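*Asks:* Got a structure here, written out as structure tokens. Questions coming.
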Amino acid sequence: MHGGGPPSGDSACPLRTIKRVQFGVLSPDELKRMSVTEGGIKYPETTEGGRPKLGGLMDPRQGVIERTGRCQTCAGNMTECPGHFGHIELAKPVFHVGFLVKTMKVLRCVCFFCSKLLVDSNNPKIKDILAKSKGQPKKRLTHVYDLCKGKNICEGGEEMDNKFGVEQPEGDEDLTKEKGHGGCGRYQPRIRRSGLELYAEWKHVNEDSQEKKILLSPERVHEIFKRISDEECFVLGMEPRYARPEWMIVTVLPVPPLSVRPAVVMQGSARNQDDLTHKLADIVKINNQLRRNEQNGAAAHVIAEDVKLLQFHVATMVDNELPGLPRAMQKSGRPLKSLKQRLKGKEGRVRGNLMGKRVDFSARTVITPDPNLSIDQVGVPRSIAANMTFAEIVTPFNIDRLQELVRRGNSQYPGAKYIIRDNGDRIDLRFHPKPSDLHLQTGYKVERHMCDGDIVIFNRQPTLHKMSMMGHRVRILPWSTFRLNLSVTTPYNADFDGDEMNLHLPQSLETRAEIQELAMVPRMIVTPQSNRPVMGIVQDTLTAVRKFTKRDVFLERGEVMNLLMFLSTWDGKVPQPAILKPRPLWTGKQIFSLIIPGHINCIRTHSTHPDDEDSGPYKHISPGDTKVVVENGELIMGILCKKSLGTSAGSLVHISYLEMGHDITRLFYSNIQTVINNWLLIEGHTIGIGDSIADSKTYQDIQNTIKKAKQDVIEVIEKAHNNELEPTPGNTLRQTFENQVNRILNDARDKTGSSAQKSLSEYNNFKSMVVSGAKGSKINISQVIAVVGQQNVEGKRIPFGFKHRTLPHFIKDDYGPESRGFVENSYLAGLTPTEFFFHAMGGREGLIDTAVKTAETGYIQRRLIKSMESVMVKYDATVRNSINQVVQLRYGEDGLAGESVEFQNLATLKPSNKAFEKKFRFDYTNERALRRTLQEDLVKDVLSNAHIQNELEREFERMREDREVLRVIFPTGDSKVVLPCNLLRMIWNAQKIFHINPRLPSDLHPIKVVEGVKELSKKLVIVNGDDPLSRQAQENATLLFNIHLRSTLCSRRMAEEFRLSGEAFDWLLGEIESKFNQAIAHPGEMVGALAAQSLGEPATQMTLNTFHYAGVSAKNVTLGVPRLKELINISKKPKTPSLTVFLLGQSARDAERAKDILCRLEHTTLRKVTANTAIYYDPNPQSTVVAEDQEWVNVYYEMPDFDVARISPWLLRVELDRKHMTDRKLTMEQIAEKINAGFGDDLNCIFNDDNAEKLVLRIRIMNSDENKMQEEEEVVDKMDDDVFLRCIESNMLTDMTLQGIEQISKVYMHLPQTDNKKKIIITEDGEFKALQEWILETDGVSLMRVLSEKDVDPVRTTSNDIVEIFTVLGIEAVRKALERELYHVISFDGSYVNYRHLALLCDTMTCRGHLMAITRHGVNRQDTGPLMKCSFEETVDVLMEAAAHGESDPMKGVSENIMLGQLAPAGTGCFDLLLDAEKCKYGMEIPTNIPGLGAAGPTGMFFGSAPSPMGGISPAMTPWNQGATPAYGAWSPSVGSGMTPGAAGFSPSAASDASGFSPGYSPAWSPTPGSPGSPGPSSPYIPSPGGAMSPSYSPTSPAYEPRSPGGYTPQSPSYSPTSPSYSPTSPSYSPTSPNYSPTSPSYSPTSPSYSPTSPSYSPTSPSYSPTSPSYSPTSPSYSPTSPSYSPTSPSYSPTSPSYSPTSPSYSPTSPSYSPTSPSYSPTSPSYSPTSPSYSPTSPSYSPTSPNYSPTSPNYTPTSPSYSPTSPSYSPTSPNYTPTSPNYSPTSPSYSPTSPSYSPTSPSYSPSSPRYTPQSPTYTPSSPSYSPSSPSYSPTSPKYTPTSPSYSPSSPEYTPASPKYSPTSPKYSPTSPKYSPTSPTYSPTTPKYSPTSPTYSPTSPVYTPTSPKYSPTSPTYSPTSPKYSPTSPTYSPTSPKGSTYSPTSPGYSPTSPTYSLTSPAISPDDSDEEN
């Protein structure tokens, strides 16, 4: 939140955060105290004589009125004064309409006369209520209210039974005694409300008195409330301090400040006052009138009228939408906007202005595609970039760059808009300011224009999921639209038909950092919603990729070269062509293999892959090239299409993301697009009308098919007319007919479509788009070529509209295909007018559906989000909401994040017992097999050792148990589960990395496998803790993964299938552990919002209405959005309630028995089995009028068992339908019994035999005997009889249940088609088998009764009515049911949502023990704070409630904090940072008085480029400041060669006075220091010297492009020809620096500490940069003491985590490897030789470990061919000792782990006074060097800088000759020969090249040309980029696999002799000349 203060917008003092918000009602005296208008506002006018009037409605004390004016209260101006409240004293109190209902509730709870609670507060019930409702005052009131409702008398003394006020006279004594309740004992009135008035009415108090009803005036209520005691207030749920009952009645009305009701000034007319002001004027007027009338003693009814009016005005000011009241209007007739309307609704204050605001620094324009951008870039128009600014703080490092921007001003781009001084003054650069204003100082802020590389947030509405707002890097481009990469359109759901998108430029570095680390596009590639990528390759690239990877694509050399030009990660090697003769040709697959990153392994299929191939004999051949195999990063076979490159789980992109990390995947996307699109330019892809034409035979076919279809339809119609059509079960005749017709027509369409497709050639362009998956489907093709097909509206054929026909052009009752919407033309042929009309009808329906659906799903999504917004993973790993209620104990029940899991198969679940044993049991009896798989010694061990055999048996037992467990968990045998760590792929990776030969026996001991897996599963911890509960929870969370682990890594499969070596197995275990730990959900993750988005987003894709799917046995279930709505609303009456009834035993298999149960369930009334009924007058039963009944009726009457005389002459004859009777298994007897049971003796019912021709029931009324007596009324009676009989008839037909359950109207019986409803059993062999059993499905539900039926399976039977399940089975059952129903809704249309999101929603809805609907009735009844509730719905009601009860909001949720502008406790806001004050002492001061800080000052040079990848390390981070001279600033820590983390900045010459005149800079300056291409901690991979990079490191550095083609920036001091201390080629030559003579041991080019491969090695310094003794202290791990090299601190920089040698988050070989740390990224020093966790000799990461694979991006010197212990590299060869006999890398003083190098070694202690790197102790190559050697003290004569042999000025050893002078013109770095005046020293002459034998500064033994160490030797040439740690694909061990030849002349930017100015001389040239 920003306060006032200086105009910078930030207030000077930091604002405290708001901890909680207390609600309450203001008391009248408080209102008066806070009011600024003493005496109240008395006048309705606003002004008087043109001045605002004191005491009027525009009182100047209330705030500023004119723009220029000041406030009379606080003297602030318009922006500063917040406004002040006034007040109006009301003449009579009035009700507050918001509290009216509360007022009534309280009134009903207290005595009308004595204001005591009607229930004694000692009543146990009250005590119970108080205990139960702690902290829920609202509940308390409700309960107390329920208790008091029944009481209609105020309880007197202790005699509770004292009903009538007999003891009233002694009431006074009662009060003094205080024994009982002490009430007055009088009758209580009922309180009623009418409009805004309350009435009290008494019902006859005593027998004689009448009811009396009086109007309750607000005064009276006020009096009653005033007498309520504080304790009783509390019982009533009020908080006496904040909200007493009498304050709910308005006596003093607050007048809002002027800023809340500003007047609008219209030109030329008076001010237009705000609605509120108008309202207040009305109130003041009527109030004054009322006061006058009262004082003048007016008539009562006048005053009553006035009070009523005042009441009305006060009410409508608060709420102008009161029911039953007229609206308060303005003169124009527009209703006024009341306070309530200001708050509520989407546009209201809360949702419109607090929860969501309009923001600055945003831009919006149309988007257009640009495939050449990277996926995380966004092209921004220059016009926008020049308008949006970013405030950058001036530091010594960026002052020159900013000064330059300021100089350019706002008119030129890039420039700046404002300078903000440190005192807050803002200088606007748009209006030419004084030049003196433009001077910058550190601490100022410059608002500079947006420039390349800035981080922005890009967003497209509707923002349905988190992938709709992602971070991009800016790329400024001409023209006026945002450009973005095509692959990013999928997550944004964007297309380029005119979509607009928004861009937000974050304004602080913190925000930037968060976006960069959390929200950048590459990090969002995989969505947690369904654990798959959301970005794939689309459109033309996808079409092209399919064409490109076909078998017959060959490229010539020229084309290959051309394509490689577009491959940014190319390592400079062209692969061997696939075809050599007659001319070299490369295949598309080969080129694609270059694009695939790393060592990816992947198997997919092409979209046209035939299903039967996988099992057939050709499964390895794949005749159609449809099986895609990528092995070790090479595309071996297969055509790529959407399946491998699209957004599916397990696609190439997905694997790349999981294995290689997001950054490499980003390059993968870009490279595919640039390379493939450029190939497509050569190849071409077009589509024309020709593609839509098939051959004539096909058209003939199509015609015939359609003709036949029409014929079939006519036949069906005729059948229906002739009544020959049998209705299918459960359908009417009409439905059956429609279904059949539909089927015929659809078959016709499909058939024609497929024949049309078959006719298309392989080269058809429609087809190629469909096959690749880029656009369209088979149906689209067939519609274009063959037939458009049937048009539907609401799932049926086009309905009749005009008098039994669809259009007037058809005859009536035409059911034929044409008339009902079958379009038989194709799009190519064109539609006839009627067809076109029907087609338009179908299309229009789709549009309407979409529009309606959008609104529905939008609201659903909002409710979901609001209900779960504050649910997050806390630091104890539980999932809780804002009020700390546990929702889940572990997120997703396994504690893992959704992005990092994949589908895997559980191997043990499916196979039969035999297969299981064969695959998993280690068979130690079969010796031959063992010998094949294990090495000899292991075989002996296994065969001879019983202990081992027992272990192996135990392992198998364990797996068998696992299998049993799995079969319980997955009873259906579905083995696909979502787990972290794809084990099979990891094993495959291991096989590739360790070059496992599957034909050789393995050296992996089976026991090692068993033990290893056991150990590993102990390490995979989700739940910490040792108590039984934690242990159980841990087991539950990791059970599936452990089972998967044990079954995949079992000894048998390890030996037989995988054949891993011991080494590989160790690697695998380490990898699994680190991958598993990376997959754990992060605390602070807002999983609630994530789940809501993940469910809401698929909902928008769902269909809205459910169509009746034709042919499904007519049983309809609601699906799609309506069903989702029912579920989350927990609707009591779902549209289609239904039970799925499973049966037991015999009845499940026997249709007859199933039918019995069906009859027992289905509700049958008499009507359902009745054919017809009739009423006859049949006075003589013996000879009935119905002749056909005569026979059997006589039988009855011959021997009547009833009184024939009582029988009524009226007869009800019911004829039953035999078919229905038998269908429902009913007999006549049963029916008659039911009737007799229902009506008893009042009816006589006789029936004929079940086998009779017609089934007849005859029913007569039995008259009672006395009716006979009253003869004279007989006629009436007889009339009665037949009417009565009518009633009985209708009652019997509808209401009488013959059998079944009332609620179940219909039951369907069928055999399940899908597996999930079949009964799955496990056979004896242990296989799964699905049996078809009869299942019943019902319309209507009655779970309780159905479950108790005989033969119903009570376990599997389910209901889809959630509420019913809750009532019958309880909360756990309903949770599972809800989850299943939700899953069913979502998966119905083929979407997949990860289980954790569904689970979270279900848990949110059920975790309170009752069902919480996701509506205002559920969400807003939780105990969350009022602010959260009011941001959802019912805004005003919630706030009123909160005020009345004095609630407080603890500010723990998300909404609350957003409303108050605070950081929400989510994500990075849910923890605090701890600052180590001790470490801050090591911080570095930056002297600001740096000489030469001009435009060409050193820092200007550095930051002249785009912000470097790191953005510059802030000086305070690094502790290198001992002994800094004023020039020290020049060596700012972040200035060094291209941003190496600890770059040359801390160079000795910084501390030495030698560099006194330093603008001159060190060669360590990479000419493009900040360029993205320079090696920096955040861009580990880019600086591969290869690729399209010029020797000067990176042509992509924006700053250098325009200014200096060769990479020299002319004004950069480093290249200033006269700069004395700089000579780009001088090895380390600074004539004045005594310590740096070229022979200084720390300099020899071969000195280990000077590894040319260290990233900071700048291309122009041929051998050594004077500023960095160990060549960039962070050079990832080479430089013997690297990590410990900091003069002041053992670990790099205590404050910068990324430099600490032990930093856990870095590893050079990253993705695939991490010895001890969960996540690595390559250039970290933690790989340094001294880092304890990784010593090159550490056994399991031995230098030969292939894991340092050729492409491992950052190859550090621990790589095999350079690891000191690596046998193949043999640095131990005597002639390698780099310049000193006792300094062989294996010598104790060097070995990286050697104690003498440890930073803590005594002579190296950081506290040693001036332990600068150039102090002699640090010269590793000096012969007598031994760090602990006492003789080596810095003052030792041997090393005195003035010692003749060392001093650069001494004639003996001036590198060139004594006459060399720093200013000598010949010493210009740009002079072509560049010789510092002496031939022997010209770096371009062979004699002095580091490879020349004569140059061996201190040690004759080490000639750089010595064979083992020739720098040009391909294995290790210090100059060869191939060996540079940053080169992405280089492995010294495999020169053959590597693709970069070290001798390639043009490419070795790091070569010492490679002087930029003489490109012709390359390291090997000079070598040859020697």
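Cβ from N, Cα, C; glycine included.
The annotation Zn(2+) 1 binding site is assigned in Swiss-Prot to C71, C74, C81, H84 on the grounds of similarity to another entry. What Swiss-Prot lists as phosphoserine is S217, S1896 (among others). According to Swiss-Prot, the omega-N-methylated arginine annotation covers R1603, on the basis of similarity to another entry. The phosphothreonine annotation in Swiss-Prot covers T1840, T1854, T1877 (among others). Per Swiss-Prot, N6-methyllysine is recorded for K1859, K1866 (among others), and the stated evidence type is a curator's inference. Annotation comment: Swiss-Prot describes K1866 (among others) as N6,N6,N6-trimethyllysine, evidence class similarity to another entry. The annotation N6,N6-dimethyllysine is assigned in Swiss-Prot to K1866 (among others). Taken from Swiss-Prot, the feature phosphotyrosine covers Y1881 (among others). What Swiss-Prot records for K1936 (among others) is N6-acetyllysine. As annotated by Swiss-Prot, repeat '5' applies to 1622-1628. The annotation repeat '6' is assigned in Swiss-Prot to 1629-1635. Per Swiss-Prot, repeat '20' is recorded for 1727-1733. Positions annotated as repeat '30' by Swiss-Prot: 1797-1803. The annotation repeat '51' is assigned in Swiss-Prot to 1947-1953.
Relative to the rest of the structure, where do these features sit?
*Replies:* Around the Cβ of C71 (Zn(2+) 1 binding site), the number of neighbouring Cβ atoms within 10 Å comes to 24.
According to DSSP, S217 (phosphoserine) sits in a coil region rather than a helix or strand. A simple way to gauge crowding: the CB of S217 (phosphoserine) has 17 other CB atoms within 10 angstroms, across all the protein chains here.
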*Asks:* Cβ within 8 angstroms of the Cβ centroid of C71, C74, C81, H84: which residues besides those meet this for the Zn(2+) 1 site?
*Replies:* R61, Q62, G63, V64, Q72, T73, A75, G76, E80, P82, G83, P257
*Asks:* Counting Cβ atoms within 10 Å across all protein chains shown, which of the binding-site residues C74, C81 comes out on top?
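*Replies:* Result of the Cβ crowding comparison: C81.
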*Asks:* Measuring Cα to Cα, how many Å separate H84 (Zn(2+) 1 binding site) from S217 (phosphoserine)?
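*Replies:* The separation of the Cα atoms works out to 32 Å.
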*Asks:* What is the interatomic distance between the Cα atoms of C74 (Zn(2+) 1 binding site) and S217 (phosphoserine), given in whole Å?
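*Replies:* Cα to Cα, C74 (Zn(2+) 1 binding site) and S217 (phosphoserine) are separated by 40 Å.
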*Asks:* Average the pLDDT scores across the repeat '20' (1727-1733) and report the rounded value.
*Replies:* 40
*Asks:* Rounded to the nearest Å, what's the C-alpha distance separating C81 (Zn(2+) 1 binding site) and S217 (phosphoserine)? Just drop the number here, would you?
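*Replies:* Cα-Cα, rounded: 40 Å.
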*Asks:* Taking 10 A as the limit, how many CB atoms besides its own sit near the CB of H84 (Zn(2+) 1 binding site)?
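*Replies:* 22, counting other Cβ atoms within 10 Å of H84 (Zn(2+) 1 binding site).
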